[in-house]
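Engineer: Copying in the features that Swiss-Prot gives for the protein in this structure:
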REGION    1-48  region 'Disordered'
COMPBIAS  1-15  compositional bias 'Polar residues'
REGION    54-73  region 'Disordered'
COMPBIAS  61-73  compositional bias 'Low complexity'
ACT_SITE  93  active site
ACT_SITE  205  active site
ACT_SITE  220  active site
């Protein structure tokens, strides 16, 4: 267990059985666990968690590590407390988020330094991303649906990384009235969450949050860490959604959350 660091949107709940790490019989066991789930979010969520919706580029005046030929669209970067540049250029957001969650006890600047390209943790994130993607392909071949295979592969990788995903995922739709409930959950002191962002254009992206002492930090592998007082998380999320909308032209439609226990 890892310690936490020192517009409205209804939810429909997806409850998943815990996934166990793969061994010689692990793929069959994992697939069996997946088949026990009563409802899949696949009708709502594209099967692209490993394909990040946005990769930072270089000319955005709000952020030297991101680019846009258009006007600055959001105040997102005024919330940033630690920058991460170019770490996600190859679309390894799931692996990078796993490594960030494993390193929460470190200082923010150390966490970011540990994830820069060429570092040991960045290399580890690349390996974890590949493990996740390979297992997802295997589970699809075994008959699992896109969403089931994605969730099982993700959680197997997280467990192999020494993390403890709850095995229960909740789905929240942008523009519906229950999104504040999600914000309340991810800002509960002492909690860590894995979040998947799904976009109307078909892309998806993985981020994470950690809450402690009335503050919540959001880690986005494309940009770094953003920290706000927990009662300001709505503003941060709105700014994040705006940043992906303009200049990246990715419109957030759905957020799924899973608590890391």
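Note: Cβ is positioned from N, Cα and C throughout, glycine not excepted.
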Engineer: Could you state the CA-to-CA distance between residue 205 (active site) and residue 220 (active site) to the nearest Å?
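Structural biologist: About 9 Å separates the two Cα atoms.
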Engineer: For residue 220 (active site), which residues of its chain lie six or more apart in sequence with Cβ-Cβ distance below 8 Å?
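Structural biologist: Long-range Cβ contacts: 205, 207, 226, 240.
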Engineer: Sort residue 93 (active site) into helix, strand or coil using the DSSP assignment.
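Structural biologist: DSSP assigns residue 93 (active site) to helix.
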Engineer: What's the number of neighbouring CB atoms sitting within 10 A of the CB on residue 93 (active site)?
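Structural biologist: The Cβ of residue 93 (active site) has 29 Cβ neighbours within 10 Å.
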